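Undergrad: Structure incoming, see below.
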Amino acid sequence: MTPQSLDLVGIGKSFDGADVLENIDLAIRPGEFLSLVGASGCGKSTLLRIIAGLETPDRGSVAIGGRDVTEADPSDRNIAMVFQSYALYPHMSVRQNIATPLRMRRLPLAARLPVIGRLVPGLGATRREIASAVEDAAEALQIRPLLDRKPAQLSGGQRQRVALARALVRAPAAFLMDEPLSNLDAKLRAHMREELAGLHRRLGATFVYVTHDQIEAMTMSDRVALMEAGRILQLGTPAELYERPASLSVARFIGTPAMNLLPVEIDGAGRISGLGRDLGLEAPQGKRGPATLGLRPEDLRFVANGSPARILRTEHHGADRYVTLEILDRSAPTLTLRQRADEEPIPGADGTVALGFHAGRAHLFGADGARLVLRARRQVAA
Amino acid sequence: MSVLDLALPSAGVPATRRPRAERRMMRRGLMFAAPAALLLLATYIVPLLVLGGFSLTDYKLGAVSTRFIGLDNFVQAFHDPVFRRALANTVLYAVIVIPCGVGLALGVALLVHGRRRSRPFWEIAYFLPVTATLVAMATVWQFLLHPSLGPVNAAIRALGYAPVSFLATPSLMIPTLAVIGIWQVLGFNMVLFLAGLTGIPKDLHEAARLDGAKNPIDRFLTVTWPMLGPTTMFVVVTTSITAFKVFETVAVLTKGGSGSETLLYALYLEGFEYSETGYAAALTLLFLALILILSIWQTLHLDRKVHY
Amino acid sequence: MVAALRRLLPHLLPHLLPHAALALGAGVMLLPFYWMVLTSIRPPAEIFNVSLWPIPESFAGLANYARAASQAPMARFMLNGVIVCAGILVVQVLTAVPAAYALAKLKFPGRRLLLTLVIAALCVPIQALALPLFVGLAKAQLLNTYFAQMAPFFLSVFAIFLFRQSFRSYPDEVIEAARLDGFTEMEICWGLVMRGSLPALAAFSVFSIVAHWNDLYWPMIVVSDTALAPPPLGMLLFSDAESGADYGALMAGAAIVTAPMVLCFLIARRHFIAGITMTGVK
Ligand SMILES: Nc1ncnc2c1ncn2[C@@H]1O[C@H](COP(=O)(O)OP(=O)(O)OP(=O)(O)O)[C@@H](O)[C@H]1O
Ligand SMILES: [Mg+2]
């Protein structure tokens with residue numbers, strides 16, 4: 001089956017009077033890997049379940065491949081979903097688990113009944129097709145040796161693969177995944193991340209992937225939709241989200257360690273001052289007042305004559321080093337600086353250093369949190 | 001080690017040296033367990049031994065002499081038309097009550113499980129017979145089924161048939177008792193099934209819907225029924241035990257008349273009305289063997305019925 | 001209008017159908033209760049009126065209940081029931097709790113044996129023990145006493161088993177700390193461990209009271225004196241004596257006997273269901 005587009009228009013949903021989703025518009029392209037990220041409780045799962053048809057939206061419409069399916073039963077949407085708990089049928093062998101979606105679609109009800117179903121004649125060819133499709137799916141995920149086990153006899157990673165095999169055996173219009181890796185340990189998670197990305201490349205299918213782990217979202221996705229409190233804050237490629245966060249919330253959420261945020265002041269001429277000095281940056285006209293300056297940890301530098309700061313702590317992360325600093329004499333928050341481990345820190349007298357930043361990569365957010373255009377007068381500011 | 005060790009604190013403690021604290025804990029343990037152990041001895045172990053003894057004699061309560069007669073009582077039981085009839089009646093009763101009491105309860109539980117707001121109401125309606133005193137309700141049933149005064153027969157007459165005397169026609173007695181048995185056990189089983197249904201992860205039903213199980217029958221066969229397997233086994237065994245112990249309805253409604261004795265009622269008559277103690281003891285052992293087979297299985301699964 | 005209904009029907013039907021089926025079943029389940037109450041307020045003259053109409057032509061509830069109370073000592077039956085149930089429950093708890101505590105938290109010789117015996121005894125129904133217990137009580141001249149009605153149930157192996165399961169999850173450190181603080185073992189058992197298992201106690205109490213309030217078999221064996229009969233036996237004696245057609249009084253009697261448990265159930269539904277379904281050994 002060719003990959004299908006998913007189109008959500010004006011989706012709204014509330015539970016017991018509390019709005020969980022407000023007016024969500026989302027156009028997912030055929031064959032795209034789209035991640036939904038956001039803090040716990042922001043409505044990611046609900047949105048996914050609305051696409052699957054497991055919840056009905058209060059407002060708005062859902063279309064799959066251009067066909068409106070808002071009222072359609074989940075079984076009629078040809079959507080595959082991988083649940084966080086995997087939702088494997090515990091009483092069935094792996095083989096039967098993977099075969100279930102095909103049996104439901106290709107065999108009549110009578111033939112699906114236990115015991116007597118076997119007696120329904122004339123389905124031998126269909127049954128053989130199903131069996132070979134199951135073998136193929138198992139082959140694709142390298143679980144053929146496990147086909148005759150029960151889910152209880154599998155490890156977490158193996159269950160994950162069985163759930164994937166059950167999803168891909170019937171070539172669905174789209175794959176939906178709700179935090180499929182969150183039950184795995186860190187190493188296996190990294191491995192499955194690669195496998196999922198590889199699977200997406202091989203199948204070329206539409207993937208919608210829910211996670212609260214931004215690393216998963218940033219590494220696998222074509223595009224990321226960042227959600228907060230039932231709304232999509234920003235939709236874009238991982239690079240766009242990282243390099244041009246549309247708002248303070250996005251900036252806060254994306255990036256580890258988090259972006260450093262400094263309170264600054266914009267004067268009438270658009271000059272920006274913070275840390276008690278003019279920072280050499282300019283904001284658009286007419287935006288005077290308090291604002292926030294965002295600096296990625298890797299955009300902070302030790303410079304010859306910058307703001308004096310003291311090193312509080314240094315963390316070693318293999319290739320990188322995170323340095324936590326405190327600006328002297330200021331009530332500014334502590335800052336985190338990231339540098340390559342082979343760079344030497346520049347120790348100043350009595351442990352203090354001078355701190356600057358890459359002005360061209362600074363981000364400015366107005367009092368309402370929206371991104372403002374920033375112009376630098378110098379390359380490195382202090 | 002005999003049970004007496006439990007009752008007599010000093011007897012079971014070896015004379016070897018042990019830390020003081022451990023000895024003190026041992027003494028306390030024995031003290032705490034002693035009342036229960038004594039009662040266990042007095043109300044379970046001794047009676048069972050005495051029962052076994054009785055069954056090998058022709059003992060009659062109040063009789064002057066008693067003889068040891070070996071297994072004669074058991075031999076007699078299998079030639080006793082009353083006992084054989086009681087056994088047959090009880091089996092017939094169980095064969096009606098078990099499938100209907102389990103099947104209907106499952107059906108009701110499936111329907112009640114889906115209701116959100118009205119669920120407490122249905123739970124009450126179906127569970128009420130479980131709490132009601134069966135003797136009193138049996139009297140009500142007697143009236144309900146009365147050939148001339150009861151509404152059931154009024155309905156039958158209104159449909160143009162002749163009234164049926166459910167509790168006087170020999171072939172209808174056991175089935176009628178069975179219907180009352182189903183009425184009584186249904187709510188109990190329903191609650192057990194509801195607990196089982198609550199234990200099925202919601203994910204599985206949703207996965208089945210996405211897998212194409214649009215039809216409720218498909219979802220039932222793919223998820224609900226297999227997942228309820230252990231619950232169903234437990235309910236079947238529990239219902240069997242209840243069915244084999246049927247007594248109250250017989251005592252109120254038929255008094256074992258017209259060949260409607262059940263096991264327990266026959267046993268009651270032999271042991272307490274006719275004072276055939278020895279013979280009744282043999283019947284009791286047969287009854288106990290039947291119940292034990294069922295309840296050992298049940299006890300092995302006791303953990304799953306502790307849910308509150 | 002019709003078109004709207006036709007459009008709505010496919011949506012409504014899946015909601016209506018289960019309710020209809022449940023209502024039908026509930027009608028059958030509740031019919032005996034309804035008939036009992038209805039008959040108990042109808043005058044004897046209306047006995048041939050088989051209609052289910054809820055309002056009798058003339059209200060005779062008072063007369064029926066008064067007749068039931070005068071023909072049989074209903075109040076006495078109730079009192080007997082209360083005495084027997086309370087006596088059984090108190091002794092059961094007093095003996096089972098320390099034993100369960102010892103089995104769960106103390107080490108002593110014979111512990112495994114006792115536990116095995118308790119679990120084995122769970123499989124033995126009272127009906128199997130009735131005969132030797134009856135002979136013993138008869139020999140001791142104790143038939144027709146409250147003691148005879150209660151004695152076989154003083155030990156509840158089910159209570160021991162249930163409380164032990166519940167006590168086992170109580171943290172050992174707290175018990176040890178309490179010992180260091182100078183609590184006696186009794187205080188620990190009742191004041192700490194039992195206090196932490198009150199839901200189990202509530203559930204067991206419901207189970208015990210319902211089981212013994214409704215029990216007929218044992219009272220029928222050891223009680224022949226009407227003045228000592230608990231409600232089920234009293235009801236049986238009453239209905240046997242009432243061979244005439246005074247169904248009004250009979251149903252009033254049945255209502256009186258059934259009412260306490262039904263009312264308790266309606267008040268504490270959750271506890272009741274938990275208590276009764278904890279065990280298949282009704
Ligand atoms: N069936 C429901 N009934 C009532 N409230 C619900 C229901 N499902 C979800 N909610 C509420 O909707 C909000 C969004 O839930 P949702 O599961 O979509 O969050 P999420 O983003 O997936 O969070 P997480 O990362 O923790 O899985 C939550 O506040 C939740 O409490
Ligand atoms: Mg979620």
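Cβ coordinates come from backbone N, Cα and C, glycine included.
As annotated in TrEMBL:
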{"type": "TRANSMEM", "residues": "B:30-51", "note": "transmembrane segment"}
{"type": "DOMAIN", "residues": "B:87-298", "note": "domain 'ABC transmembrane type-1'"}
{"type": "TRANSMEM", "residues": "B:91-112", "note": "transmembrane segment"}
{"type": "TRANSMEM", "residues": "B:124-144", "note": "transmembrane segment"}
{"type": "TRANSMEM", "residues": "B:172-200", "note": "transmembrane segment"}
{"type": "TRANSMEM", "residues": "B:220-244", "note": "transmembrane segment"}
{"type": "TRANSMEM", "residues": "B:278-297", "note": "transmembrane segment"}
Undergrad: Counting CB pairs under 8 Å, which listed stretch among B:30-51, B:91-112, B:172-200, B:220-244, B:278-297 touches the transmembrane segment (B:124-144) the most?
TA: B:172-200
Undergrad: Cβ pairs under 8 Å with the transmembrane segment (B:30-51): which stretch of B:91-112, B:172-200, B:220-244, B:278-297 has the most?
TA: B:278-297
Undergrad: Looking only at the recorded stretches B:91-112, B:220-244, B:278-297, which one has the largest tally of CB-CB distances under 8 Å to the transmembrane segment (B:172-200)?
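TA: Of the candidates B:91-112, B:220-244, B:278-297, B:91-112 scores highest.
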Undergrad: Sort out the residues at least 6 away from either end of the transmembrane segment (B:91-112), same chain, that have Cβ-Cβ distances under 8 Å to it, and list them.
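TA: For the transmembrane segment (B:91-112), the sequence-distant neighbours (Cβ-Cβ under 8 Å, at least 6 residues beyond its ends) are 119, 122-123, 126, 174-175, 177-179, 181-182, 185-194, 196-197, 220, 224, 228, 232, 235-236, 239-240, 242-244, 246, 262.
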